[in-house]
């Protein structure tokens with residue numbers, strides 16, 4: 001596997017192989033089983049796989065964890081290679097933003113809610129860096145984890161609105177044995193917090209069962225059901241609990257119609273955790289632009 | 001020459017020819033000699049040339065001339081074909097914005113000044129539609145007229161910031177015999193206004209001569225020189241007269257340093273006209289992304 005830091009070098013490397021189906025897995029590194037499942041899926045479907053590792057300053061707000069975000073490029077390279085990646089693209093900030101960032105890609109509506117409300121500018125940063133990576137790598141397909149469900153919705157919207165010639169593939173959330181969604185940020189958790197963190201998915205699963213049994217019919221009831229259970233967990237601070245249409249992320253009354261998402265964000269100590277379930281349950285999606 | 005209205009059809013048509021060098025000339029139609037010079041340049045440099053004709057609602061403000069913007073697709077098709085175009089791409093608004101426009105591309109700084117100040121949102125609309133056209137056509141080179149100098153600067157900035165794999169080529173302004181810059185909007189002018197309109201370039205040329213003779217050394221002097229002459233023209237309303245660095249469009253003191261632009265926008269009756277000169281004079285530019 002090749003590790004490449006420079007944009008021009010990556011382009012030179014990829015140019016002779018334009019006829020091969022190319023998959024991109026954009027990451028911020030510190031790879032875990034969630035990322036590896038995306039890389040494996042890309043390797044299954046594509047003839048060449050680029051994994052990018054870039055901790056994108058544009059998507060971090062002031063006071064967030066940009067500086068302490070965990071990094072281990074050597075380990076990433078080994079794991080990505082084993083999972084089937086051909087190239088690890090690891091540009092520095094100066095390579096990605098040599099003259100700052102005068103140009104931003106902004107998606108309205110979708111980005112006002114959930115994490116967009118808690119993290120203003122976050123999704124502009126995501127959309128902008130993903131646009132750059134799409135232009136640098138020119139993949140046929142790009143792979144994202146459904147754990148960041150709002151990110152998937154935002155990227156799909158961007159790809160459709162701007163006619164990116166890229167198929168966006170979202171893959172199911174990968175979880176620890178106790179249900180905690182895999183995240184690079186899980187390393188921030190103390191042993192005590194780590195134990196508590198399982199309550200997020202446990203609660204979402206309970207809500208899913210209640211909905212399937214016909215005992216949760218309205219979005220507001222589902223929000224209340226989840227909120228009541230999370231509020232009982234000691235040391236856990238709720239950022240949001242929302243049940244919205246998916247992928248539109250519009251307010252919703254009844255739950256028996258189209259797809260919906262139950263999404264939560266909490267703080268455990270200094271760590272922010274998010275999780276979600278899609279109703280009815282699904283195994284990832286595919287989306288291309290018109 | 002092929003006329004294509006649908007995005008999917010254009011993609012199907014271009015797909016087998018990906019190895020050919022592809023040129024794109026984005027226009028709003030009602031082609032004149034300025035557009036045709038771009039098409040001829042593209043045909044000289046590229047193996048295949050797409051000319052897009054799309055009057056983009058996103059780049060018109062309220063009360064602007066979207067509804068009366070001149071259109072004549074049949075004539076456009078004939079002229080573009082004669083100039084060397086292979087495909088005329090003429091999507092409708094429903095094809096380009098089937099679900100509105102939730103995603104916009106925004107360039108800060110550059111777009112606050114000149115036409116960006118007079119036409120808020122205009123350059124967001126331009127950047128967004130050019131992004132879409134770049135993704136739909138996937139050209140190797142795209143051609144723009146230097147008459148819209150700020151547009152060229154904005155597109156070059158966008159291409160660099162977002163790493164579009166497209167070379168932006170700007171070509172010199174094409175002028176009528178009396179110096180008036182070619183523009184689709186010139187048809188709005190009454191015979192009397194048409195005569196008066198020549199004063200724009202006449203004044204810019206006088207300022208250029210003064211500067212070259214060493215009698216205009218500062219930006220503020222050049223602005224005053226141009227403004228005084230335009231203010232004497234009856235029925236002409238100045239929107240702006242500015243002398244800035246180019247392509248950065250930053251305020252400037254002395255004129256003997258790097259490239260600068262003298263740019264004017266005026267109203268003659270109900271018609272808005274713009275023109276500019278670059279100092280020292282130049283014959284268009286080329287710009288690729290990192």
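In case you wondered, yes, glycine gets a Cβ from its N, Cα and C as well.
Automatic prediction, not curation, is the source of TrEMBL annotations.
Residues or ranges marked as active site, proton donor in TrEMBL: A:35. Neighbour count (other Cβ atoms within 10 Å of the Cβ, all protein chains): 27 for residue A:35 (active site, proton donor).
The ATP binding site feature in TrEMBL is assigned to A:28-35, A:145-148, A:174, A:182-185. Note: residue A:146 (ATP binding site) has non-local neighbours A:152, A:170, A:171, A:172, A:173, A:276, A:278, A:284, i.e. same-chain residues 6+ apart with C-beta under 8 A of its own C-beta.
Residues or ranges marked as beta-alanine binding site in TrEMBL: A:59. Its Cβ placed at the centre, residue A:59 (beta-alanine binding site) has 21 other Cβ atoms within 10 Å.
Residues or ranges marked as (R)-pantoate binding site in TrEMBL: A:59, A:151. Long-range Cβ contacts of residue A:151 ((R)-pantoate binding site) within its own chain (separation 6+, distance under 8 Å): A:123, A:126, A:144.
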Going by Cα-Cα distance, which of the recorded positions (A:28, A:34, A:35) sits nearest to residue A:59 (beta-alanine binding site)? A:28
Counting Cβ atoms within 10 Å of each Cβ, the densest environment among the binding-site residues A:28, A:31, A:174 belongs to A:31
Other C-beta atoms within 10 angstroms of the C-beta of residue A:184 (ATP binding site) total 19
